[in-house]
Structures are given as structure tokens and as C-alpha cells.
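A.B. asks: Dropping a structure here in C-alpha cells format, bear with me for questions.
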Amino acid sequence: MQKIIDRIAHLIDKKGISIRSFEAAIGASNGLINRAAKKRTDINAEWLSKIISAFPDVNPAWLLTGEGEMFRLSLESSEEKSQTKCAENATLSKGGMQGGTKGGFPKLQKMPPNAAEEKSQTKCAENTINLYDGDVDGVNDGKRNMQETPSINVSPKTIPSGRKYPEPHREAAMAGDARRHYVTMVEVPVVDVEAAAGGGSANSDYFEDAETLHFPSSVLSPTSSMRLCISVKGESMEPTLFDGTRIVVRRLDRSEWARIRSGNVYVVTDREGSTYVKRVRNNLQLFGMLTLVSDNPDQRKYKTFQLQEEEIFNVWEVELVISDTIPPSERERIDDLRDEMMELKAWLQTMMTREK
């Protein structure tokens, strides 16, 4: 099945412009289209809307689904539009089938030069096209006898074939429809289980969904792996993760364990049912174990420990943190350390003064 990025590439080729020129026209960074084409992934809905705005002749339905024509106005429509413009200044007169040699061909006859009539006809031409059935007698003096047929009311939005030009509000609606249909949402269940960032807490194998969170695919990529949203419990990961912070985690397949990145935060569940949110050191290949480290500087309370591979039941990668607490910056910790050093220096000076 052809993807949207394929149709974009086809559009660029049809326009006869470079990829960089196309990216500049929609305000995208250099390489956006090439990266999407290389990875075979579609671009975000935001760019679809910008493409439609930058290239108004592109059919949004074709861009989104591949149905219909690439461009809104075909060659036939352009010719018909030209004919409609000519109809504003002339009426089409059909010659009679009997008589002179010119009798059987349609002819364009100019409107009467009378100013009052021109003003009236110009005003009416916006909504009316007058059709005349003329009869030219080739035997007599060639005088033209014309009988006016009833006027046909034609909307200015309609061309002779009956096809309608897209109206501005409809174009906006089509762009909005494209945006709504293109944005895919990823559902993540919020389960009634807490991952303990302290000493570990027992889990049940049964997860009861309390609610479901929805994230756009630009935030969380769709995956076949299980995803959950759980809450952190305890203070062992402060100041990175606070008690009550929600995290979105993805369960890793066992084949992915070897690629666990040392220094990243994971949720590890052992075979006894305890769950830990820890910073992990991957020693599986060297020693067959994972080392779990707390971020809390109180190492006497939150000690580093290891889990052998046979003790590990599941490993979940932390993909997203949902918190209303902003962790303190490194600058604050440096300032605190500087204050402690100054207090210690002052205390030492006081002790030295007393000894003297």
C-alpha cells in the first residue's frame, strides 16, 4: 500500500522542484522528507496542513488517501474556465442549418456597444449565460433573425461542465478533515499497580485498567509491545522521579535485554513479584546480572543491589514521565554544596582561633 510519504515524493517530482525547495516552502527543516522516506514513516499531520496551505492546488483527499486526482483543477477544468471567461463578453450564436456556407457553424458575436445595455448585461453576466438560436438566411440579404431562448441561471462557482470550484471554507474543512484523520492516537492503560522506587512492592499478575490515556503518535510511536502507565512509589529515585509520579513504560522482549542501556531508568520485576524503578547498569553479558542503582544520594538507606538474569521476570523501559514537579537543577545542588563548604571553612577557622 502506498504511503503518504510516497505521494509527497510523487508530488515533488510532478512539481519539478527539489526536495529542499519543497521543505523550505512548508517551513520544514532540511532533511525531513529524506528521513521519512528512508525510514518509510509518514510525516506528522502538522506538515500535511502546511503542504495544503503552501500548495493550494493539491487535492487534500489525494494527499491523505490517494483517491482522486493529485490536483484540484484538471486541464479540462482550465479550458472550461477559459470558455466561461469568454462567455462574459460574447454570446454563442448557432447558425441555421439551411442557406449559406456559414450557416452550420457556431459563431461568436460581440455584445451591442450600447453603454446602458453593457452595464446591465455585465451585471447579469455574473449569474446568467444567454443562449441564442440564430437563423441565417443565405438566399436573402443575409439579415440575421435571432430568437432569444430563456436565460439559464448559472452559479459563478459553476463552470459549463457543472463541476464546482472548491470554495474557501470547504478547502479549510478538507484540510481539517485530513488533519483529524491522519493523527493517530496511542492508548495506554493506567493500571492499578505501583512500581516501588524504594524497597519494592508485591504485584499481582492481573492488571485492572483504571483509565486510559491517549497520546498522539508523534509523542509515543505505535508498537506491538505492551505499554502501561504506572505510578512511582517511594523516594529512592529523587530528585529524578518523585513519589506519585506517573511513568509510561514499555515491556521489553527478552531478546532486547542485551541492548539495555547502562545509565538509563528501567522498571525491573523479579520472579518473586517485586518491582523496582531504578537506574540500571547492564552486566548481563559479562556477569549475567543487572545492577540497580538509586538516584537518591542517601546510599546508606537506598543501597545498590544486583539481580541475576534467572531472577528477572520482566524489564520495562521508561518512555515518558508525567509529573507536576520540576526536579531541582544541578546549579541548585552546586550552590548547596558551596554553602556547606563555606560553613565548614568558617567552623575550622573558629576552632583554630580557639586553639591559639
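Placed from the backbone N, Cα and C atoms, the Cβ positions cover glycine too.
Here's the feature list from TrEMBL:
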- 147-158: compositional bias 'Polar residues' (COMPBIAS)
- 189-304: domain 'Peptidase S24/S26A/S26B/S26C' (DOMAIN)
- 144-168: region 'Disordered' (REGION)
A.B. asks: If you run through the domain 'Peptidase S24/S26A/S26B/S26C' (189-304) with DSSP, how many residues end up as helix, strand and coil?
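C.D. replies: Across the domain 'Peptidase S24/S26A/S26B/S26C' (189-304), the residues distribute as 10 helix, 52 strand, 54 coil.
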A.B. asks: Over the domain 'Peptidase S24/S26A/S26B/S26C' (189-304), what is the model's average pLDDT?
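C.D. replies: On average, pLDDT over the domain 'Peptidase S24/S26A/S26B/S26C' (189-304) sits at 84.
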